[in-house]
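Lifted from Swiss-Prot, the feature list:
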{"type": "ACT_SITE", "residues": "S679", "note": "active site"}
{"type": "ACT_SITE", "residues": "K722", "note": "active site"}
{"type": "BINDING", "residues": "G356, P357, P358, G359, V360, G361, K362, T363", "note": "ATP binding site"}
{"type": "DOMAIN", "residues": "11-204", "note": "domain 'Lon N-terminal'"}
{"type": "DOMAIN", "residues": "592-773", "note": "domain 'Lon proteolytic'"}
Amino acid sequence: MNPERSERIEIPVLPLRDVVVYPHMVIPLFVGREKSIRCLEAAMDHDKKIMLVAQKEASTDEPGVNDLFTVGTVASILQMLKLPDGTVKVLVEGLQRARISALSDNGEHFSAKAEYLESPTIDEREQEVLVRTAISQFEGYIKLNKKIPPEVLTSLNSIDDPARLADTIAAHMPLKLADKQSVLEMSDVNERLEYLMAMMESEIDLLQVEKRIRNRVKKQMEKSQREYYLNEQMKAIQKELGEMDDAPDENEALKRKIDAAKMPKEAKEKAEAELQKLKMMSPMSAEATVVRGYIDWMVQVPWNARSKVKKDLRQAQEILDTDHYGLERVKDRILEYLAVQSRVNKIKGPILCLVGPPGVGKTSLGQSIAKATGRKYVRMALGGVRDEAEIRGHRRTYIGSMPGKLIQKMAKVGVKNPLFLLDEIDKMSSDMRGDPASALLEVLDPEQNVAFSDHYLEVDYDLSDVMFVATSNSMNIPAPLLDRMEVIRLSGYTEDEKLNIAKRHLLPKQIERNALKKGELTVDDSAIIGIIRYYTREAGVRGLEREISKLCRKAVKQLLLDKSLKHIEINGDNLHDYLGVQRFDYGRADNENRVGQVTGLAWTEVGGDLLTIETACVPGKGKLTYTGSLGEVMQESIQAALTVVRARAEKLGINPDFYEKRDIHVHVPEGATPKDGPSAGIAMCTALVSCLTGNPVRADVAMTGEITLRGQVLPIGGLKEKLLAAHRGGIKTVLIPFENKRDLEEIPDNVIADLDIHPVKRIEEVLTLALQNEPSGMQVVTAK
């Protein structure tokens, strides 16, 4: 292309807002500013030539000399028309680029001295490649941008001038004002084409992204419209078939419930998927009933609802003290939990296991803990549970399947953080249907129960906010399960504790339950003590409550039969008239010291008890017989005790060959009751020595402890229960292993005061204290 000659001109200047006019471009302009209209009139008076220059800022109403770009387009006015509103419509055609060398404002309009821009010499082969590429790229751009009519491409192919081609492309591109001005200022055609190609590439990328987004939105709209249409069709069909009335749509109600349940993302997706399935089913089908039941359970389970937990320690302590007498260790543990909770907002609920004999208040204590902490109370009885599905639920493939009892109870209580009482956790068993104790491992593990998996729900459920309290009569709980719980032992009550419990709780409760009015019945302390001593022998207070209930019933009967009677007083003297013959003897069962008879102390699931051990020696051939339903451990204790006696036969004055000439029979009465355990060794040994030497055993002495072959006394468990049993039985002197001396701190003071407790290390000390006559020939070292 030959360079154009630079020509200087003087010409009126029309400022344009947001518009850049290129050469060969025909465009209508609406002019409203007075100064601009005068500029058009001046151009019409001369040769109809005018220079169109863009303003730097479109918002400037009255631009100055410095507010215009220096490069514009010289244009020819093709047509000018004045409109009724005072504005002027003018049709112009761009002719050539020009640069302003001097711009002036004569007060009427802008005027400029300008010179046409020249095009530099270029490589025509390179330009041809650029033209082809630009046309191809613009074709791709037009396909994506539906706003540009396809006819533009046809007219573009008919343009032979590369400069005009570039300007036409620029005119149809949605460029910013600065970019349009940059194109106008480029006199080099090749540079202009390259710049436009880069701009087209950027626009094509944006249009492709826009197209993808538009397609996605369109698909979603089509899907939702299709689903709406099909649902309406289905409703119409069902209505025609009589399967659906004009009642509110059940599916919509379920959808609202799902939204209101505030489920976690996984659970909500599962529930919504099941709801979609339900919509496709006939409402009367069996499968629809199953799905509907599943969704009902999903919305009933508390996913987010919590009850407000109390943080007032003093109030909690008052509630626990009012509801329960004693049980200080348990109360302290609950108060410790509340104290930590008051400082830490998110704390995992403790998992406590209350172990103790029946009737000591384990279950009622769970209710009191719930009351003290402000949690809702829910109880699950585990006695006799042997199916794992009771805990984890049944899979939905089974007919009549339901969630496990755990989830059912959570749905019933309606909050995520109740106090959950697992009652009688030691009474579970396993069979071919699984082991529920193993299923509870996940429930009672604070690290795992954040994602408890119920077979029916099929989604994880968070149990970490639940405060679990388990109850048990014994430690006969699987070791892994026991390891996950904090065990708190509840021993039996002392006589004083039972008296206070009866006066504070049991008697008022039974008076109210039997509809006795105030002042109609008085039960003296001596009567309550009489019931405790002569009519009950238990670790708890259930039997005591039954006897008090019996007193109340008899009192009501008396009052109704004898209208003149207004008040009944029961004391120790007339207790026999209401409860009949005394069932137990308080004090020693036997007042005489007897040969071969020893009082041992035993621990049972219902508390401690006195255990009588009898031994008899008869002429024979050294046969050893033991009766009384003794377990293997107790039988081994007898064997060990016999060896200890044989090793000390000479010192004890026993014929060394007694085991060859005499038969020995060891018997523990109440043969129907199985007995076992490792704490009767010293009692067995003492009974054997007494029998073989003829030295009577003191009747006021009871003992507990295992024995080794060297005569050492080993420690035992359940000391508190055993000492309480000795106290109840009227025993005065108790022999315990020396290593159990530290356990005496847990024994009530009144029991310690009433008993003469001797910690012993060796069998020699036991024999010295237990036998009526001190054994001869034995060196005794008293334990300190």
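Every residue number used here counts from 1 along the chain in the order it is shown.
Each Cβ is built from the backbone N, Cα and C atoms, and glycine gets one as well.
Cα of K722 (active site) to Cα of G359 (ATP binding site): a distance of 17 Å.
Taking a C-beta cut-off of under 8 Å and a sequence gap of six or more, T363 (ATP binding site) has these contacts in its own chain: R379, L421, D423, T471. The record gives G356, P357, P358, G359, V360, G361, K362, T363 for ATP. Within 8 Å of the mean position of their Cβ atoms, the other Cβ atoms in that chain belong to L354, T471, N473, L490, A539, G540. Within 10 Å of the C-beta of K362 (ATP binding site) there are 26 other C-beta atoms, taking all protein chains into account.
G359 (ATP binding site): 19 other CB atoms within 10 A of its CB, across all protein chains. Using a 10 Å Cβ-Cβ cutoff, S679 (active site) registers 26 neighbours.
Cα-Cα distance from G359 (ATP binding site) to S679 (active site): 25 Å (rounded to the nearest whole number). Taking every protein chain shown into account, G356, P358 are the binding-site residues, and of these the Cβ with the most other Cβ atoms within 10 Å belongs to G356.
Distance from the CA of P358 (ATP binding site) to the CA of S679 (active site) is 22 Å. According to DSSP, T363 (ATP binding site) is assigned to a helical segment. Within the model, the domain 'Lon N-terminal' (11-204) carries an average pLDDT of 83. When other Cβ atoms within 10 Å of the Cβ of G361 (ATP binding site) are tallied across all protein chains shown, the result is 25.
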